[in-house]
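Record features (Swiss-Prot):
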- His219, His288: heme b 1 binding site (BINDING)
- His255, His324: heme b 2 binding site (BINDING)
- 43-173: domain 'DOMON' (DOMAIN)
- 180-380: domain 'Cytochrome b561' (DOMAIN)
- 1-22: signal peptide (SIGNAL)
- 217-237: transmembrane segment (TRANSMEM)
- 256-276: transmembrane segment (TRANSMEM)
- 290-310: transmembrane segment (TRANSMEM)
- 326-346: transmembrane segment (TRANSMEM)
- 359-379: transmembrane segment (TRANSMEM)
Amino acid sequence: MATLILSFLLLLLATKLPESLAGHCTTTTATKSFEKCISLPTQQASIAWTYHPHNATLDLCFFGTFISPSGWVGWGINPDSPAQMTGSRVLIAFPDPNSGQLILLPYVLDSSVKLQKGPLLSRPLDLVRLSSSSASLYGGKMATIRNGASVQIYASVKLSSNNTKIHHVWNRGLYVQGYSPTIHPTTSTDLSSFSTFDVTSGFATVNQNSGSRALKVTHGVVNAISWGFLLPAGAVTARYLRQMQSIGPTWFYIHAAIQLTGFLLGTIGFSIGIVLGHNSPGVTYGLHRSLGIATFTAAALQTLALLFRPKTTNKFRRYWKSYHHFVGYACVVMGVVNVFQGFEVLREGRSYAKLGYCLCLSTLVGVCVAMEVNSWVVFCRKAKEEKMKRDGLTGVDRCSGSHS
């Protein structure tokens, strides 16, 4: 039952649609209205536009958010290659270091920018198709730049004849040094901020990495159930059910079934993690990855150890039990810690999914405490009974000795 509850609560996370579907877009701003809009797959961004086919001109507005009061938000197009930052011509909005007012400057992202050979300097765009641009904060003149503040970047783009597709990029950063925006964060989401859309149909072709969100959620749900709940539950059954003489050796089969199910599900989750790492070159979550490898290795050793389990009469049995307990508990601790690391990687540190997992884990811990207290009560009661029996036998022996 607890596993079903955990699965349901974690599926609250799994049912969260990607931002491209869950986000909202608008065709109306304070100064202008547009015909079409789409939500972009990352950073809760969106874009609205009106296409004028008679002169192949595109009027658009990009909606983004600041992640720092001293940060920047940018949008641009790549006239040559889709899914590429290098070669893009971008417009970046940030607070003027002198006046603090929002300004919008043009930049060309050549290969030196990616290599970070020097600061990014503003220069006129060598793209005659970008005819006008401006930026404003949501809220008008009284609005201030702050963490989470919305910005609107307006632009007019002249498209080539017979071409209604536009390759565009967008991103945001934490700091601006003078008039030089610094590098944006390098999470998988930030590295996936590009797509191609058709201005006539509104159909967007997003990058392949945008689908990784669903894969990450699947990875998280499977691992939370396996490493984060089933393995601890299996350890609990081994510790407390075997003390119940009424069920005999049944406790062992229950323990083995739970642990084997957890390991098989964990193997699936671990494999998904490998796929995610392969699909995200340059993105590494060091601690999460190291804990995952260590947990899977420990679980594999536990499974293999069953093949070499000595009989109860074997003199090496006690050494095997010590090894089995140590590796097992280490695997459980690392697995639970890594589940919480996974919530941070998914940026779900304050989500209902994490709350649900914490409730299920707390319930399991509560059961452990109750069973542990019960075990000590039973142990103390038996010890007292044994002592009374010994004292009684001693008294009888003394009486027998005195009469003789």
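The backbone N, Cα and C atoms fix where each Cβ goes, glycine too.
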Which residues of the chain, 6 or more past the ends of the transmembrane segment (256-276), have a CB below 8 A from one of its CBs? 212, 215-216, 218-219, 222-223, 225-227, 229-231, 233-234, 237, 289, 292, 295-296, 299-300, 302-303, 306, 335
Among the binding-site residues listed here (His219, His324), identify the one with the smallest other-Cβ count within 10 Å. His324
Do you know offhand how many angstrom separate His324 (heme b 2 binding site) and His288 (heme b 1 binding site) by C-alpha? 24
Using DSSP, break the domain 'DOMON' (43-173) down into helix, strand and coil residues and give each count. 8 helix, 64 strand, 59 coil
Could you tell me the C-alpha distance between His255 (heme b 2 binding site) and His288 (heme b 1 binding site) in angstrom, no decimals? 27
Could you pull the average pLDDT for the domain 'DOMON' (43-173)? 81
Give me the long-range Cβ neighbours of His288 (heme b 1 binding site): same chain, 6+ apart, Cβ under 8 Å, in sequence order. Asn338, Gln341, Gly342, Val345
Just how many other Cβ atoms lie inside 10 Å of the Cβ on His255 (heme b 2 binding site)? 19
